[in-house]
Amino acid sequence: MDLIYHEKQEASLCAQHCLNALLQGPYFSAVDLAVIAQQLDEYERETMAEGDLDSPEYLSFLQQPSGNMDDSGFFSVQVISKALRVWGLDLIPFSNSTVATARQHPEEEASFICNFKEHWLTIRKIGAQWFNLNSLLEGPELLSETYLGMYLTQLQGEGYSIFVIRGSLPACGAEEVLKYHPAVQSRRPRLLSDVREQSNQGTSSGGQFSQEDLQKALDQSRQMELSSAREDEDVQEAIRLSIQIAESAKSQTSLSGGHQVREESQINQEELRKKRQAFFDRQSEPSTDVQQNSENLSNIPQESSVNQEHLLDTGPSVEDIDATEDAMLAEAIKLSMQQP
(Lines of atoms letter the chains of each structure in order from A and count residues from 1; the text may use other names and numbers.)
(Lines give C-alpha, C1' and ligand atoms only; values in the text may rest on other atoms or scores of the structure.)
Protein backbone atom coordinates (compact mmCIF):
# COMPACT_ATOMS: atom_id res chain seq x y z
CA MET A 1 0.00 0.00 0.00
CA ASP A 2 2.93 2.33 0.54
CA LEU A 3 3.79 2.11 -3.16
CA ILE A 4 0.45 3.67 -4.12
CA TYR A 5 0.69 7.43 -4.55
CA HIS A 6 -1.91 9.19 -2.40
CA GLU A 7 -2.20 12.86 -1.47
CA LYS A 8 -4.09 13.93 1.62
CA GLN A 9 -6.46 16.87 1.46
CA GLU A 10 -4.98 20.37 1.81
CA ALA A 11 -7.25 23.42 1.68
CA SER A 12 -9.56 22.95 -1.35
CA LEU A 13 -6.90 21.46 -3.62
CA CYS A 14 -8.91 18.28 -4.19
CA ALA A 15 -8.68 18.75 -7.98
CA GLN A 16 -4.86 18.67 -7.75
CA HIS A 17 -4.99 15.63 -5.43
CA CYS A 18 -7.44 13.90 -7.74
CA LEU A 19 -5.30 14.37 -10.86
CA ASN A 20 -2.06 13.30 -9.18
CA ALA A 21 -3.76 10.21 -7.68
CA LEU A 22 -5.02 9.30 -11.15
CA LEU A 23 -1.58 9.75 -12.74
CA GLN A 24 0.16 8.25 -9.67
CA GLY A 25 2.67 11.02 -9.17
CA PRO A 26 3.05 14.74 -8.35
CA TYR A 27 2.45 15.82 -11.93
CA PHE A 28 0.33 18.91 -11.24
CA SER A 29 0.68 21.69 -8.73
CA ALA A 30 -1.83 24.37 -7.79
CA VAL A 31 0.13 26.85 -9.90
CA ASP A 32 -0.10 24.61 -12.95
CA LEU A 33 -3.83 24.32 -12.58
CA ALA A 34 -4.15 28.07 -11.95
CA VAL A 35 -2.37 28.74 -15.26
CA ILE A 36 -4.81 26.43 -17.03
CA ALA A 37 -7.71 28.20 -15.32
CA GLN A 38 -6.40 31.61 -16.44
CA GLN A 39 -6.07 30.34 -20.01
CA LEU A 40 -9.66 29.19 -19.93
CA ASP A 41 -10.77 32.54 -18.50
CA GLU A 42 -8.94 34.35 -21.31
CA TYR A 43 -10.50 32.10 -23.93
CA GLU A 44 -13.97 32.73 -22.53
CA ARG A 45 -13.31 36.49 -22.43
CA GLU A 46 -12.22 36.47 -26.06
CA THR A 47 -15.27 34.48 -27.01
CA MET A 48 -17.53 36.97 -25.28
CA ALA A 49 -15.63 39.87 -26.86
CA GLU A 50 -16.54 38.63 -30.34
CA GLY A 51 -19.95 40.17 -29.82
CA ASP A 52 -20.84 43.65 -28.63
CA LEU A 53 -18.23 44.87 -26.13
CA ASP A 54 -20.77 47.26 -24.72
CA SER A 55 -23.45 44.67 -24.26
CA PRO A 56 -24.77 44.09 -20.76
CA GLU A 57 -23.81 40.43 -21.03
CA TYR A 58 -20.19 41.19 -21.73
CA LEU A 59 -19.93 43.87 -19.05
CA SER A 60 -21.51 41.51 -16.53
CA PHE A 61 -19.09 38.77 -17.54
CA LEU A 62 -16.11 41.03 -16.86
CA GLN A 63 -17.39 41.84 -13.39
CA GLN A 64 -17.90 38.20 -12.40
CA PRO A 65 -15.12 36.23 -10.69
CA SER A 66 -13.47 33.34 -12.50
CA GLY A 67 -15.66 30.32 -12.93
CA ASN A 68 -12.64 28.04 -13.31
CA MET A 69 -10.96 28.61 -9.96
CA ASP A 70 -11.28 30.50 -6.70
CA ASP A 71 -9.02 31.61 -3.88
CA SER A 72 -9.64 28.41 -1.90
CA GLY A 73 -8.01 26.24 -4.59
CA PHE A 74 -11.10 24.89 -6.27
CA PHE A 75 -10.84 24.19 -10.01
CA SER A 76 -13.65 23.54 -12.45
CA VAL A 77 -14.32 20.45 -14.51
CA GLN A 78 -13.04 22.36 -17.54
CA VAL A 79 -9.64 22.73 -15.85
CA ILE A 80 -9.61 19.00 -15.02
CA SER A 81 -10.52 18.07 -18.57
CA LYS A 82 -7.87 20.32 -20.16
CA ALA A 83 -5.18 19.05 -17.72
CA LEU A 84 -6.00 15.46 -18.71
CA ARG A 85 -5.79 16.23 -22.40
CA VAL A 86 -2.16 17.15 -21.84
CA TRP A 87 -1.65 13.43 -21.15
CA GLY A 88 -3.92 12.29 -23.95
CA LEU A 89 -6.74 11.34 -21.60
CA ASP A 90 -10.44 12.03 -22.07
CA LEU A 91 -12.95 12.85 -19.37
CA ILE A 92 -16.32 11.36 -20.34
CA PRO A 93 -19.52 11.64 -18.28
CA PHE A 94 -20.73 8.31 -16.91
CA SER A 95 -24.14 8.89 -18.48
CA ASN A 96 -22.72 9.34 -21.99
CA SER A 97 -23.79 6.69 -24.44
CA THR A 98 -20.24 6.16 -25.61
CA VAL A 99 -19.36 4.62 -22.24
CA ALA A 100 -22.47 2.52 -21.77
CA THR A 101 -20.33 -0.56 -21.20
CA ALA A 102 -18.75 1.18 -18.21
CA ARG A 103 -22.12 1.26 -16.48
CA GLN A 104 -22.64 -2.44 -17.08
CA HIS A 105 -19.10 -3.65 -16.34
CA PRO A 106 -17.21 -0.94 -14.45
CA GLU A 107 -14.47 -3.45 -13.50
CA GLU A 108 -13.38 -3.51 -17.15
CA GLU A 109 -12.47 0.19 -17.09
CA ALA A 110 -9.18 1.66 -15.89
CA SER A 111 -10.32 4.59 -13.74
CA PHE A 112 -13.07 6.98 -12.75
CA ILE A 113 -13.16 10.57 -11.50
CA CYS A 114 -16.05 11.67 -9.30
CA ASN A 115 -17.21 15.15 -8.27
CA PHE A 116 -19.69 16.34 -5.67
CA LYS A 117 -20.10 19.89 -4.39
CA GLU A 118 -16.66 21.01 -5.58
CA HIS A 119 -14.92 17.92 -4.25
CA TRP A 120 -12.97 15.65 -6.61
CA LEU A 121 -11.82 12.07 -6.04
CA THR A 122 -10.27 9.27 -8.08
CA ILE A 123 -11.09 5.56 -8.27
CA ARG A 124 -8.41 3.65 -10.16
CA LYS A 125 -7.30 0.12 -10.96
CA ILE A 126 -3.66 -0.58 -10.09
CA GLY A 127 -2.41 -4.00 -11.03
CA ALA A 128 -5.51 -6.17 -10.83
CA GLN A 129 -7.09 -4.34 -7.87
CA TRP A 130 -9.26 -1.27 -7.47
CA PHE A 131 -8.54 1.53 -5.02
CA ASN A 132 -10.49 4.52 -3.77
CA LEU A 133 -7.90 7.33 -3.72
CA ASN A 134 -10.11 9.96 -2.11
CA SER A 135 -7.88 12.66 -0.59
CA LEU A 136 -10.27 12.92 2.37
CA LEU A 137 -9.13 9.46 3.49
CA GLU A 138 -5.98 8.80 5.48
CA GLY A 139 -4.83 6.33 2.82
CA PRO A 140 -5.93 4.28 -0.20
CA GLU A 141 -9.01 2.12 0.27
CA LEU A 142 -9.01 -1.32 -1.35
CA LEU A 143 -12.20 -2.09 -3.32
CA SER A 144 -13.21 -5.49 -4.60
CA GLU A 145 -14.61 -5.80 -8.11
CA THR A 146 -17.97 -6.77 -6.67
CA TYR A 147 -18.07 -3.74 -4.41
CA LEU A 148 -16.85 -1.39 -7.17
CA GLY A 149 -20.21 -1.33 -9.00
CA MET A 150 -22.10 -0.95 -5.72
CA TYR A 151 -19.84 1.91 -4.63
CA LEU A 152 -20.34 3.81 -7.92
CA THR A 153 -24.09 3.36 -7.56
CA GLN A 154 -23.87 4.67 -3.98
CA LEU A 155 -21.97 7.74 -5.12
CA GLN A 156 -24.57 8.44 -7.82
CA GLY A 157 -27.28 8.19 -5.19
CA GLU A 158 -25.42 10.74 -3.03
CA GLY A 159 -25.34 13.22 -5.93
CA TYR A 160 -21.86 12.64 -7.31
CA SER A 161 -21.09 13.24 -10.99
CA ILE A 162 -19.04 10.33 -12.32
CA PHE A 163 -16.64 10.51 -15.25
CA VAL A 164 -14.92 7.67 -17.08
CA ILE A 165 -11.28 8.15 -18.02
CA ARG A 166 -10.35 6.83 -21.41
CA GLY A 167 -6.78 6.68 -22.70
CA SER A 168 -3.43 5.27 -21.64
CA LEU A 169 -2.43 6.19 -18.13
CA PRO A 170 1.28 6.75 -17.45
CA ALA A 171 3.15 3.75 -16.02
CA CYS A 172 3.72 3.61 -12.27
CA GLY A 173 5.89 1.47 -10.04
CA ALA A 174 2.97 0.13 -8.01
CA GLU A 175 1.38 -1.33 -11.17
CA GLU A 176 3.94 -4.09 -11.68
CA VAL A 177 4.36 -4.86 -7.98
CA LEU A 178 0.65 -5.31 -7.31
CA LYS A 179 0.26 -7.60 -10.30
CA TYR A 180 2.43 -10.20 -8.61
CA HIS A 181 1.87 -9.23 -4.98
CA PRO A 182 -1.74 -8.12 -4.47
CA ALA A 183 -2.40 -5.70 -1.63
CA VAL A 184 -4.07 -6.87 1.59
CA GLN A 185 -5.91 -4.43 3.84
CA SER A 186 -6.84 -5.37 7.40
CA ARG A 187 -9.04 -2.33 8.03
CA ARG A 188 -10.59 0.44 6.00
CA PRO A 189 -8.85 3.83 6.14
CA ARG A 190 -10.56 6.50 8.18
CA LEU A 191 -11.66 9.94 7.10
CA LEU A 192 -9.10 12.62 7.90
CA SER A 193 -11.76 14.53 9.83
CA ASP A 194 -12.29 11.52 12.09
CA VAL A 195 -8.54 11.07 12.52
CA ARG A 196 -8.10 14.70 13.54
CA GLU A 197 -11.06 14.56 15.92
CA GLN A 198 -9.76 11.42 17.59
CA SER A 199 -6.31 12.95 17.77
CA ASN A 200 -7.68 16.07 19.45
CA GLN A 201 -9.70 13.99 21.89
CA GLY A 202 -6.67 11.85 22.59
CA THR A 203 -4.55 14.95 23.21
CA SER A 204 -7.15 16.46 25.53
CA SER A 205 -7.78 13.29 27.49
CA GLY A 206 -4.10 12.49 27.32
CA GLY A 207 -3.31 15.77 29.04
CA GLN A 208 -5.68 14.98 31.91
CA PHE A 209 -4.43 11.42 32.10
CA SER A 210 -0.83 12.53 32.11
CA GLN A 211 -1.64 14.94 34.93
CA GLU A 212 -2.97 12.04 36.99
CA ASP A 213 0.05 10.00 36.05
CA LEU A 214 2.25 12.87 37.14
CA GLN A 215 0.58 13.01 40.54
CA LYS A 216 0.91 9.24 40.94
CA ALA A 217 4.53 9.46 39.90
CA LEU A 218 5.16 12.19 42.48
CA ASP A 219 3.49 10.12 45.21
CA GLN A 220 5.51 7.07 44.26
CA SER A 221 8.65 9.18 44.20
CA ARG A 222 7.99 10.45 47.72
CA GLN A 223 7.31 6.91 48.94
CA MET A 224 10.53 5.74 47.35
CA GLU A 225 12.43 8.61 49.00
CA LEU A 226 10.99 7.70 52.41
CA SER A 227 11.77 4.05 51.86
CA SER A 228 15.26 4.96 50.75
CA ALA A 229 15.73 7.14 53.83
CA ARG A 230 14.61 4.29 56.07
CA GLU A 231 16.96 1.96 54.28
CA ASP A 232 19.80 4.44 54.76
CA GLU A 233 19.02 4.64 58.47
CA ASP A 234 18.97 0.86 58.68
CA VAL A 235 22.30 0.69 56.88
CA GLN A 236 23.82 3.31 59.17
CA GLU A 237 22.53 1.47 62.24
CA ALA A 238 23.93 -1.78 60.89
CA ILE A 239 27.29 -0.13 60.28
CA ARG A 240 27.28 1.36 63.79
CA LEU A 241 26.46 -1.98 65.34
CA SER A 242 29.09 -3.65 63.22
CA ILE A 243 31.70 -1.18 64.42
CA GLN A 244 30.66 -1.72 68.04
CA ILE A 245 30.82 -5.48 67.59
CA ALA A 246 34.22 -5.20 65.95
CA GLU A 247 35.55 -2.95 68.72
CA SER A 248 34.09 -5.25 71.38
CA ALA A 249 35.66 -8.28 69.74
CA LYS A 250 38.95 -6.44 69.48
CA SER A 251 38.74 -5.45 73.14
CA GLN A 252 37.95 -9.00 74.19
CA THR A 253 40.78 -10.34 72.08
CA SER A 254 43.18 -7.84 73.65
CA LEU A 255 42.02 -8.66 77.16
CA SER A 256 42.26 -12.39 76.56
CA GLY A 257 45.60 -12.60 74.82
CA GLY A 258 46.89 -9.25 73.62
CA HIS A 259 50.56 -8.67 74.31
CA GLN A 260 50.07 -4.99 75.05
CA VAL A 261 47.32 -5.68 77.56
CA ARG A 262 49.43 -8.31 79.27
CA GLU A 263 52.26 -5.78 79.60
CA GLU A 264 49.89 -3.16 81.01
CA SER A 265 48.49 -5.75 83.42
CA GLN A 266 52.00 -6.68 84.52
CA ILE A 267 52.86 -3.01 85.08
CA ASN A 268 49.74 -2.45 87.18
CA GLN A 269 50.42 -5.55 89.21
CA GLU A 270 54.04 -4.46 89.76
CA GLU A 271 52.92 -1.03 90.94
CA LEU A 272 50.40 -2.64 93.24
CA ARG A 273 53.07 -4.95 94.64
CA LYS A 274 55.37 -2.00 95.28
CA LYS A 275 52.62 -0.05 96.99
CA ARG A 276 51.75 -3.01 99.17
CA GLN A 277 55.45 -3.56 100.05
CA ALA A 278 55.90 0.10 100.96
CA PHE A 279 52.86 -0.05 103.18
CA PHE A 280 54.07 -3.21 104.86
CA ASP A 281 57.46 -1.60 105.38
CA ARG A 282 55.91 1.41 106.98
CA GLN A 283 53.74 -0.74 109.17
CA SER A 284 56.71 -2.89 110.27
CA GLU A 285 58.53 0.14 111.73
CA PRO A 286 57.65 0.79 115.45
CA SER A 287 55.79 3.94 116.07
CA THR A 288 57.46 6.81 117.95
CA ASP A 289 55.11 6.45 120.90
CA VAL A 290 55.87 2.78 121.24
CA GLN A 291 59.59 3.38 121.07
CA GLN A 292 59.39 6.09 123.72
CA ASN A 293 57.29 3.91 126.00
CA SER A 294 59.77 1.10 125.61
CA GLU A 295 62.63 3.39 126.50
CA ASN A 296 60.78 4.74 129.54
CA LEU A 297 60.05 1.28 130.67
CA SER A 298 63.68 0.28 130.39
CA ASN A 299 64.82 3.35 132.36
CA ILE A 300 62.47 2.85 135.26
CA PRO A 301 64.02 0.93 138.20
CA GLN A 302 62.33 -2.29 138.84
CA GLU A 303 59.81 -1.98 141.56
CA SER A 304 57.14 -4.15 142.73
CA SER A 305 55.18 -6.09 140.25
CA VAL A 306 52.14 -4.05 141.08
CA ASN A 307 53.85 -0.83 140.12
CA GLN A 308 55.22 -2.35 136.96
CA GLU A 309 51.82 -3.64 135.94
CA HIS A 310 50.45 -0.21 136.66
CA LEU A 311 53.06 1.39 134.44
CA LEU A 312 52.44 -1.10 131.71
CA ASP A 313 48.72 -0.41 131.86
CA THR A 314 49.39 3.22 131.03
CA GLY A 315 50.14 2.31 127.35
CA PRO A 316 48.59 -0.10 124.87
CA SER A 317 49.31 -3.71 125.23
CA VAL A 318 51.16 -5.82 122.62
CA GLU A 319 47.90 -7.61 121.70
CA ASP A 320 46.20 -4.25 121.11
CA ILE A 321 49.04 -3.09 118.85
CA ASP A 322 48.93 -6.32 116.86
CA ALA A 323 45.17 -5.99 116.37
CA THR A 324 45.56 -2.42 115.18
CA GLU A 325 48.27 -3.37 112.72
CA ASP A 326 46.13 -6.19 111.36
CA ALA A 327 43.22 -3.81 110.81
CA MET A 328 45.41 -1.22 109.14
CA LEU A 329 46.98 -3.84 106.88
CA ALA A 330 43.56 -5.10 105.85
CA GLU A 331 42.42 -1.55 105.09
CA ALA A 332 45.58 -0.86 103.06
CA ILE A 333 45.08 -4.00 101.00
CA LYS A 334 41.46 -3.02 100.43
CA LEU A 335 42.46 0.49 99.24
CA SER A 336 45.20 -0.85 96.98
CA MET A 337 42.75 -3.20 95.30
CA GLN A 338 40.40 -0.32 94.58
CA GLN A 339 43.10 1.74 92.84
CA PRO A 340 43.24 1.43 89.01
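Every residue, even glycine, has its Cβ placed from backbone N, Cα and C.
Quantities reported herein were computed from a predicted structural model and do not represent experimental measurements.
Some features that TrEMBL has for this protein:
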DOMAIN    1-180  domain 'Josephin'
ACT_SITE  Cys14  active site, nucleophile
ACT_SITE  Cys14  active site
ACT_SITE  His119  active site, proton acceptor
ACT_SITE  His119  active site
ACT_SITE  Asn134  active site
REGION    189-233  region 'Disordered'
COMPBIAS  198-226  compositional bias 'Polar residues'
REGION    249-314  region 'Disordered'
COMPBIAS  260-284  compositional bias 'Basic and acidic residues'
COMPBIAS  285-308  compositional bias 'Polar residues'
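Across the structure, Asn134 (active site) and the residue listed as 'active site, nucleophile' are spaced 9 Å apart at their Cα atoms. Around the residue listed as 'active site, proton acceptor', the C-beta neighbours below 8 angstroms that are at least 6 residues distant in the chain are Cys14, Leu136. Looking at the domain 'Josephin' (1-180) alone, the prediction's average pLDDT is 93.
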